[in-house]
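Q: In case it's useful when we look at the structure, here is the feature table from TrEMBL:
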DOMAIN    1-164  domain 'Cytochrome b561'
TRANSMEM  32-50  transmembrane segment
TRANSMEM  62-89  transmembrane segment
TRANSMEM  101-123  transmembrane segment
TRANSMEM  143-165  transmembrane segment
Amino acid sequence: MLIGFIILGSEAIMVYKVFPGLSHDTAKLTHLILHAIAIVLGAVGIYCAFKFHNESGIANLYSLHSWLGIGAISLYGIQWIFGFVTFFFPGAAPDVRRGALPWHALFGLFVYVLTLATAELGFLEKMTFLQSSGLDKYGAEALLVNFTALVVVLFGAAVVVAAVAPAAKVEEPEGYAPIPVIG
């Protein structure tokens, strides 16, 4: 789930900012595919979580992490379907697309922040389980979980800031031109 929603989801959000020379259609397709893979990985993760809980005799859907997780993947799927139908196939009228785009971007960032919060709650839940089974609070495993959680927060914050920051127009020095992107 971390690879899908946080890493691939981040890359899908950033595809328009990181590759400004990429053709719009190629960027849109890349955005769509990366989010689709994230949803598939999320579904596999949920299946594995339920399977593990059922085989271990652990109750399902008892924590805030699991509730937000179900909500996050549901909203992520709704957002993907809306984007697919509105912007890709069959595609809405240009006026509808123009009106929907800011809402799609805003709701997409909301869902992304929800996935970040869900991931952080997952790290907290993991630490709680580890500590209740006798893990040293300052042991290597505890530090690894906390460090990973910190990296996720900083990475997510950087993605959100980069996504909402206005694109800067960079003047090319005289006699220089950017390398054209083939697409």
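Glycine is no exception: its Cβ is also placed from the backbone N, Cα and C atoms.
Because TrEMBL annotations are produced automatically, they should be read as predictions rather than curated entries.
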Q: Using Cβ atoms and a strict cutoff of less than 8 Å, what residues sit near the transmembrane segment (32-50) while being 6 or more residues removed from its termini?
A: 1, 3-5, 8-9, 11-12, 15, 60, 66, 69-70, 73, 76-77, 79-80, 83-84, 88
Q: Are there residues at least six beyond either end of the transmembrane segment (62-89) with Cβ under 8 Å to its Cβ atoms? List them, or say none.
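A: 1, 5, 9, 28-29, 32, 35-36, 38-39, 42-43, 46, 49, 96-97, 100-101, 104, 107-108, 110-111, 114-115, 117-118, 121-122, 124-125.
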